[in-house]
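Note sheet for the following structure.
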Ligand SMILES: Cc1ncc(COP(=O)(O)O)c(C=O)c1O
């Protein structure tokens, strides 16, 4: 296969129309003499499609041209993705010293970073100051005192709470002040002589309710005016994350973009001079990632009827097919620990799901921990020991949280991209 290669990057370029399944099957065979071999032929691996990241970013620019992207590094701090986004002119939401350092080392300037963690470790805040990162969030008086002490020239963005009940991950119990706390907090900031420049919210990740953005933007408008009345130059609105990023989202991005555009036109029109930013993570990364894993063992158990769960109980099948993969919730399928629905069922790599009979099945990860359950009581085509399966939507918040438990490490990453983005790659990752 054609490649784009530099000393620190190797991307397999595929022809438009080639399926990820075909690309993954080629990788599994390990036959290409010019590609480095996997350590073991049955090892798992990720595929990151850089073309998907570029396509998402183009879609954002088309539908929300006036909302600047501060990519949430936490969703996937892969250096290649970060460099690609730097090349595309994006800015970054960092939550820690390490994330800030990484983004700066990869070439972003300090004014392209928001330190979007309302509770900052003091040494990390000092680091931000040393590096010239000024934009940051807060939501308590306590944090204001810390900022006054450590980084008094910071430009502060007050994070408010506005939760979407449909979001898979909600943050309101952990971050964000309530509407009635805004004035007292801004008054404290004023007394301390700090510079508050705007307001942020995060409706929760993987929202399926675009209208929540209309409500949140409308709710924010009078809070902005409180800031202005206290003498702050309120010039920034941060819409946070929450945008859909899956291959098949419940609500598509265009619906979110439409609601946001209308709400901004009404409450923060261009004439208001307010800079609008957002911190998408899931949106740019989730569907760009695929994981290929191997079925290392299989067992067919008789099921005690009392142990059956709803989803298996169709028909009289008294057995459950149990599989063990060489990736589990600790080593690459980590999103599963936080949300049982985080992934769709994997597909056998060599043939699509529809070609085999479905069996009541459970898939475990490889570790000794009984929580290492990838899918419990689902209907899957029968798999064989030794075959590979393909997971999609693996690009966000899953590799990020992996550890080496039981010696099953994070699988390596192979980058792929459609040939059409070769020019973008050449520009962003020059061969030197
Ligand atoms: C402050 C902040 N901004 C942005 C994000 C990214 O959110 P999403 O992945 O939903 O786009 C998160 C996710 O945790 C966050 O905490």
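Including glycine, each Cβ sits where the backbone N, Cα and C put it.
Going by TrEMBL, these are the annotated features:
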- 45-395: domain 'Orn/DAP/Arg decarboxylase 2 C-terminal' (DOMAIN)
- 51-284: domain 'Orn/DAP/Arg decarboxylase 2 N-terminal' (DOMAIN)
- 74: N6-(pyridoxal phosphate)lysine (MOD_RES)
- 368: active site, proton donor (ACT_SITE)
Take the C-alpha atoms of residue 368 (active site, proton donor) and residue 74 (N6-(pyridoxal phosphate)lysine) and report the distance between them in angstrom, rounded.
28
Within the predicted model, mean pLDDT of the domain 'Orn/DAP/Arg decarboxylase 2 N-terminal' (51-284):
96
Among 74, 368, all listed as recorded positions, which has the most CB atoms within 10 Å of its CB?
74
Three states by DSSP: which one describes the residue listed as 'active site, proton donor'?
coil
